[in-house]
Every structure is written in structure tokens, then in C-alpha cells.
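Taken from TrEMBL as is:
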type: TRANSMEM; residues: 12-31; note: transmembrane segment
type: TRANSMEM; residues: 37-57; note: transmembrane segment
type: TRANSMEM; residues: 64-81; note: transmembrane segment
type: TRANSMEM; residues: 87-109; note: transmembrane segment
type: TRANSMEM; residues: 116-134; note: transmembrane segment
type: TRANSMEM; residues: 154-176; note: transmembrane segment
type: TRANSMEM; residues: 207-230; note: transmembrane segment
Amino acid sequence: MKTLLKNRELSAFFAIVALFVVLVALNPAYFSLQTLAMIFASSQILCLLALGATLVMLTRNIDVSVGSTVGLCAIAVGVALNNGYGLATAIAFALAIGALAGAFNGLLVVGLRIPAIVATLGTLGLYRGVMLLWTGGKWIEGLPDSLKSLSEPAFIGVSPLGWLVLRCWLAGGWLLSRTAFGRDFYAVGDNLAAARQLGVAVNRTRMLAFTLNGMLAACAGIVFAAQIGFVPNQTGSGLEMKSHRRLRTGRDLAAWRHRHAARRVSRRLFPYPNRHRTGAVPPSRLVE
């Protein structure tokens, strides 16, 4: 019990399980595959945004423009489809817009050294303005069935886009926990100076975090357009705060992983076998 109380991640998990058990006890029909699929479908957008926010926050930055990026990319896929382009082309166009938006945020933060909160607050308004200028303040309606079908239930009640979200989460978890690529994010966020001395491409890692965050926001915009079948001119408003609230529990886990993953980086990826002879500072001391 003491271990459970001390571990905030486990406490939150069991609290959610307990709430689910109570709801099932009150209404047994709640425990069904259809209900679980509906819950998952309603959280797909925030799942993608939380994954992108994780990458940015691991590097000790923040991006509050993701809501506007979602709206901009939803507009992009809708405009492309309504102008006669194929589904694959429209999706690729939206992903490119998201990547450019994220890379521009990264350029402001990494290249111009503007604080992340200031830079992304500015681009929040910028992307929202571009969105309104692009559409003339009108909604994007009449999206084709080829896009809407991506959000329709398929295998075990989960839509094709739902399976894509699950694959993104599994791939993100594996990359961050099992690869040197993922450990670079932890090293950069834990100690910037130490990461540089250990050979991590700090600026590239931070730029990549913002760019991938933009692409995941684009995926969220595509999911949004597919689920409701049209794109309002205020799409994405408020999603940045919701995604960061969703990430709150995960942030505690990330803080714990910062302390341990950075040490694994120093021990496994960048060993200093002759540090005692050369007088070099041990990597673990640099990280701590």
C-alpha cells in the first residue's frame, strides 16, 4: 500500500480502474466493447496531441499552438479534398503543413532563442489567422465519404484511424524507451550542457521534437475532419490546454524517467572508459 501511495502513476491508474468498476456496477451494460470503442474514439485527438506534447516537454519546452495547428491541418485536408485531390494527396498535404508549422515553432525557439511559451503563443494567433484568411471565415463542408469512412468502426469496433492512433502510441513508447533516438530527448531535457558534452545533437533533437509535434497535430486534424465530416472555422480552439491536462499524469512519469534514462544514456551510449586516466568528469556526474 505504501508503494502504491508513493507511486503517483499507479495511484492514478487504479483510481481510473476503480471509477470504471463503479460505473459497471451501477450499469452492467456500460461494460461492453461498443462502450470502450466509443470512449477510445472520443479520446483519439487528445491521445495524438498528448504524444506530441510529450516529445516537446521532454526537451523542457512547451507548445501551446497545437490547437491552431490542428485547425489549420483540418482545413488543409478539407480544402484539398474539395478541390478534387485524392485522399492520399490531401493527407500528405495536411501532414506537410503540420510539419512546417512545427518546424517554424522550432526555428523560433532553437534558432532565434525565443522562450517557447512566448514563441508558440505568437504562432497560436498566427496559425489561427492563416486559417481564417484561407477559408474567409467559412466552414469547410461536404467532405467526401472516403475521408469519413476512415472513422467508421471496423475491426472489434475500432476505426482505421483508431488503429493508426494505437500504432503511433506503441511506436512512440518503443522509440522513447528502447532506442538511442528516444533517449536523446530525455538527455536534452535532463541536462542540456551534459547532453552536448555527451555528443547529443541538442538543437537537432529539439527541432525534431517540435516538427514531430506538428505532424501529430496534423494527424489529430485529419481525425477531427473524418469524425465530424466538416471543419468549423474555430476548429482546435482550446485543445492545447486539454492536451496538456491529459499529459499531467504522464509528466510525472517523464520526470521520473528523466532521472533514470539520462544515466542510462551516459552509461550505455557514451561510455568514457579512460576517464580516470584523463581526468574527465564521469557522465553520471555531468547529468546529475
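Note that Cβ sites are derived from N, Cα and C of the backbone, with glycine treated the same way.
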Message = Does the transmembrane segment (64-81) come close to the transmembrane segment (116-134), meaning at least 3 CB pairs under 8 Å for residues 6 or more apart?
response = yes
Inquiry  = Can you see whether the transmembrane segment (154-176) and the transmembrane segment (64-81) are touching - at least 3 CB pairs under 8 angstroms, only pairs 6 or more apart in sequence?
reply    = no
